[in-house]
């Protein structure tokens, strides 16, 4: 609800539903409540500033057994989705050797990310219309069913279909986990639990390649996917029995369907699919200049522009991604910082294994172990960030601190070379990992602080999308600059045969211990490692630059008081509530 700062009347909201933004610039459709009080000739409200002494006291919400059961179920599903995102990286060669379809293998990985990304805003709107309970249960069930389909596949096409189902389910899980945590806890307390979930996601992503390698080595590849079925089944049952939350129900089924932004969702999904197809082909299947890359990329960006125009038009009654969540300075900046934070951190995590395998001659499994310092220090960083946010209620210092650590850590990576010892490559990872974890759980609260609780589902879905989108572009940009720099430096390799093998986008693919050991001449091997080191330095510098840009953008955010009271119509059902007030 906007407040006219030119008048002498001050509006004091009684509930957090009427949250006004910083600088009173939020022009949303919030409806005034009857409980609002108007105090004439009072001093300007200071509700957006962290000035009250009581604001430093951490909030405490009474938590039932059902609350913790829900958190456990959300943690299990989040762990599985992150594990499944990386587990195929080491298992894929074995899978394709048995199923065939080598020309389609890339979609076993990319299909998962494609549907995971494209359907996130749609799931956010579904949560607004149907409540949180059934969309979450259905997302977890779809992920579990997709895992069963993938595990039981007899050909590559069925495997890809299973991965597409897994992706849709995982996208829903990512969005709804964060939405449900926001429904269960006031804004001041959310960071702590978001930090816990982020930690589990980091553990899953780290263990994925290791689990994939162990499964194909000591068991059979279907268990790469089957392992999700029993655990996912347990999580579904826990959600069914304990995720009892209130729902804003519309009795008429057709009225609910009409509330969906069908045109906007179709435009968004088609645009994202087009962009992601182009990015999956660029630099690997086809050069960036190929029409097979350029055409879908252009169509995707044009479709994205059309989506934005439509969402802001009068024709869109119930937008999937309302533009007012971006027009606010603090939330809009926090979205951008989230994208840059993810892009820079993913670029580093994506290419550290290249350094370990191509430069230090590590095996894939050994490389996974060498990456553990990043994951292990990201986890306490995330927990610390969430805990400090709950205690002090200030997100800007934590964002600045996290991004500063990332800048220093990524800068130190430029010192790595073929002669670096264990202490160096472990130590240099620690600062970047700590900073990545510290900033992550305090980004979503910064988005939500100036917005109303009615915006929770849609702004959370948008934030989750920005994070996933940053992941995709982080890998894409890092790969592009790495390949380009490697091609420029390749003439330094005196053996032209080896040099030609590594150019035109193949340096990343051949960054393995097996390939490096196939180079028998020690001088040539040293030259190749030197080119890898210098090409990787460009990746570290680019990651540093994006983190630096994020650091500067944080100055645009305002430090807004984080709400200590829970004001949502989707809170947990109380035992004495009538059945019609809860989701069936």
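Backbone N, Cα and C atoms are what each Cβ position is placed from, and that goes for glycine too.
Per Swiss-Prot, the feature compositional bias 'Low complexity' maps to 1-11.
Residues annotated as N-linked glycosylation site in Swiss-Prot: 25 (among others).
DSSP assigns residue 328 (N-linked glycosylation site) to coil in the three-state reduction, placing it in neither a helix nor a strand. Per Swiss-Prot, N-linked glycosylation site is recorded for 328 (among others), and the stated evidence type is sequence analysis.
Annotation source Swiss-Prot lists region 'Disordered' at 1-60.
Look at Swiss-Prot and you will find 65-85 (among others) tagged as transmembrane segment.
Taken from Swiss-Prot, the feature transmembrane segment applies to 99-119 (among others), supported by sequence analysis. Away from its own ends, the transmembrane segment (99-119) comes close to residues 84-85, 88-89, 92, 153-157, 159-160, 163-168, 170-172, 174, 268-269, 272-273, 276-277, 280, 284-285, 465, 468-469, 471-472 of its chain (Cβ-Cβ under 8 Å, at least six residues beyond either end).
Sequence-distant neighbours of the transmembrane segment (134-154) (same chain, 6+ residues past either end, Cβ-Cβ under 8 Å): 77, 80-81, 84, 99, 123, 126-127, 161-173, 176-177, 180, 222-229, 232-233, 235-236, 239-240, 243, 583. Look at Swiss-Prot and you will find 134-154 (among others) tagged as transmembrane segment.
Panel annotation: around the transmembrane segment (167-187), residues 59, 61, 67, 70-71, 74, 77-78, 81, 84-85, 111-120, 123-124, 127, 132, 135-136, 138-146, 193-194, 197, 243, 245, 444-445, 448-449, 456-457, 460-461, 463-464, 468, 562-566, 568, 570-572 of the same chain, lying at least six beyond its termini, place a Cβ under 8 Å from a Cβ of the stretch. As annotated by Swiss-Prot, transmembrane segment applies to 167-187 (among others), with the evidence given as sequence analysis.
Per Swiss-Prot, the feature transmembrane segment maps to 196-216 (among others).
The annotation transmembrane segment is assigned in Swiss-Prot to 223-243 (among others) on the grounds of sequence analysis.
Look at Swiss-Prot and you will find 262-282 (among others) tagged as transmembrane segment, backed by sequence analysis.
Counting only same-chain residues 6+ beyond the ends of the transmembrane segment (293-313), those with a CB under 8 A from a CB of the stretch are 261, 263-264, 267-268, 270-279, 281-282, 286-287, 319-323. Annotation comment: Swiss-Prot describes 293-313 (among others) as transmembrane segment, evidence class sequence analysis.
Marked as transmembrane segment by Swiss-Prot on the basis of sequence analysis: 334-354 (among others). The list of residues near the transmembrane segment (334-354) in space but at least 6 beyond its ends in sequence, with Cβ under 8 angstroms from a Cβ of it, reads 325-326, 364, 367-368, 370-371, 374, 399, 402-403, 406, 410, 413, 429, 432, 436, 439-440, 443-444, 446-447, 462-463, 466-471, 473-475, 477-479, 482, 508, 511, 532, 536, 539-540, 542-544, 546-547, 549-550, 553-554, 557.
Positions annotated as transmembrane segment by Swiss-Prot: 425-445 (among others).
Among residues of the same chain six or more beyond the transmembrane segment (462-482), those with a C-beta under 8 A of the stretch's C-beta atoms are 113, 116-117, 120-121, 124, 171, 174-175, 178, 276, 279, 282-283, 288, 321, 325, 334-335, 338-347, 350-351, 354, 443-444, 447, 507-508, 535-536, 538-539, 542-543. The transmembrane segment annotation in Swiss-Prot covers 462-482 (among others) and rests on sequence analysis.
Same-chain residues lying 6 or more positions outside the transmembrane segment (536-556) and placing a CB less than 8 Å from one of its CB atoms are 329-330, 333, 336-337, 340-341, 343-345, 347-348, 351, 354-355, 359, 396, 399-400, 403-404, 406-407, 410-411, 413-414, 416, 435, 477-478, 481-482, 485. Residues annotated as transmembrane segment in Swiss-Prot: 536-556 (among others).
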Per the definition of 3+ C-beta pairs under 8 A with sequence separation of 6 or more, do the transmembrane segment (196-216) and the transmembrane segment (262-282) touch?
no
